[in-house]
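**Q** Sharing a structure, written as structure tokens. Questions coming.
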Amino acid sequence: MKFVLVSGGVVSGVGKGIIASSCGLLLKTLGLKVTAIKIDPYINVDAGTMNPKEHGECFVLHDGGETDLDLGNYERYLGVDLARDNNITTGKVYQQVIENERKGKYLGRTVQVVPHVIDAIIDTINRVSRVPVDKSGEEPDVCIIELGGTVGDIESMPFVEALTQLRHRAGKNNFINIHVSYVPVVNGEQKTKPTQHAVKSVRSAGLIPDLIACRCEKPLEQGTINKVASSCQVEVNQVLAVRDMPTIYQVPLLLEEQGLLRELKETLKLDDVKLSPARVSQGQEVWAKWQKIVPLGYAETVDIVLVGKYVELHDAYLSVIKALEHSAMRCGRKLNLIWVDSEHLEEKTQKEDPTKYHKAWHDVCVAKGILVPGGFGHRGTEGMIRAAQWAREQKTPFLGVCLGMQVAVIEAARNLCELKDATSEEFDANAEHRVIIFMPEGSKEKLGGTMRLGTRSTHFQPGSEFSKLRALYGEATTIEERHRHRYEVNPDYIEKLEQSGLIFIGKDDSGERMEVVEIKDHPYYVGVQYHPEYTSRVLDPSRPFLGFVAAAIGCLDQITKEILQDAGFANGSINGAHF
């Protein structure tokens, strides 16, 4: 097993996740099998109960693991399916060590950070790195490890020590450290001191950077590169200038251009890894497709409005943004995403701040498509309901995801079924017409890990042959998508809702839980209880999102026809081979 560690200094949030993902993609183009691990030093066991405004999106994996959003980047770039164990947190490690101590596994010894916590971290990395993550079912060749936060943080120290020991145990040519640092510009001059101090700090902690990736807004000057190389004891060709790019999908192209793949091959002796001609050819095909679908830019745009609750922090909807971008690229357009706070569409804002109210409604009215994503709680939902009503009545393409589907159902119940007080049990537990109810298997007391999580099957129902969404899935009868919710459509209202024109075309295994809703006589009005954004890939966009964006552009029929004709485009495959 070969390891690529991506660490960071100076400040967090400089793009370690994108650089780690890009590195993995480049290795994959050689035909190697690549997996990834994200280390988060926080004490939370997982990201399931974290506030999206503080931490960003909670990404859901196929096994129901609620993790850091960077694991979404890994899956999107590498085309793999990771599991909850691929996200290591301080909380998980200490929980494991304490449980082992309670079971007597340490035979009465004093349990300490060194060696017990350190060994637990190393053992977890070694175990998880060998778990197959693609359909080949084979052990990965390379594991990308991203160390979250910045080296030097108190909470990071056990992980730094563990990674230092892991490097020694892995042996020569089996471990490489890429250190990511920020190069600020002050009065027009690129400053290297922060990078010098960061590298000095990481060296003193025991990790020796082999490559230094300098994040910068503009290309680094040669003098700056030379200064970083000499002060950080690396060669000039081991300094990567990772400047801001028009899209993050061009970062792999930039890194390949700067010779990252050459350095990885040389340091890790990747030419010694035995690969079948089929794997090599497959890797080359992935790279060719990536280069084709990620051009410098598109002349035309598509205007999409996102009506959400957490619009102040765009990372709260990261996977939604990426799914829209993937779909726009597939349709040959650039995404112009317009953010609308759902509260600004409500009557309260009309009275208190008419300017915000009219601005929000102007954006909704002129948009080519309206998206209502997931969320929790009552705040802002009346604005979402009004946006869903506008999309339905004005024939504007609409996609509702999770909560977005639920507000579409509430809107139809109120305005088509004339149940004026229709609402969700989440918003009003005592309302007469609760068309959305709490799932019986959930828990209102224990929030962490108690939702309906992970990959579940959805079955398209007889009579759904008219469905635009079903056609986008290649006329499949059963699909698998990831879920994260506590509430569902009340079965008592299904008949009345369907009589009004809201057709529930997809249901779960029992046939009692509603998963997909669609309006027949509409350009594209779809609601899904699952989260299709979690499985969207750069080379294989999510079907609900692809249909939504294509309908907004006016090319839905063309895209659907191409999907039905191109078997290789379906199910994340190239010529039938999973990548």
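Just so you know, glycine gets a Cβ as well, placed from its N, Cα and C.
Checked Swiss-Prot, it gives:
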DOMAIN    310-558  domain 'Glutamine amidotransferase type-1'
ACT_SITE  Cys402  active site, for GATase activity
ACT_SITE  His531  active site, for GATase activity
ACT_SITE  Glu533  active site, for GATase activity
**Q** Does His531 (active site, for GATase activity) have same-chain partners at least 6 apart in sequence with Cβ under 8 Å from its own Cβ, and which are they?
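**A** Those within reach of His531 (active site, for GATase activity), by Cβ under 8 Å and sequence separation of 6 or more, are Val60, Ser319, Gly374, Val401, Cys402, Glu481, Arg482, His483, Arg484.
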**Q** What mean pLDDT does the predicted model reach across the domain 'Glutamine amidotransferase type-1' (310-558)?
**A** 92
**Q** Work through the active-site residues one by one (Cys402, Glu533) and point out the residue whose CB has the fewest other CB atoms within 10 angstroms.
**A** Cys402
**Q** Can you tell me the three-state DSSP label for Glu533 (active site, for GATase activity)?
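**A** Where Glu533 (active site, for GATase activity) sits, the three-state DSSP reduction gives helix.
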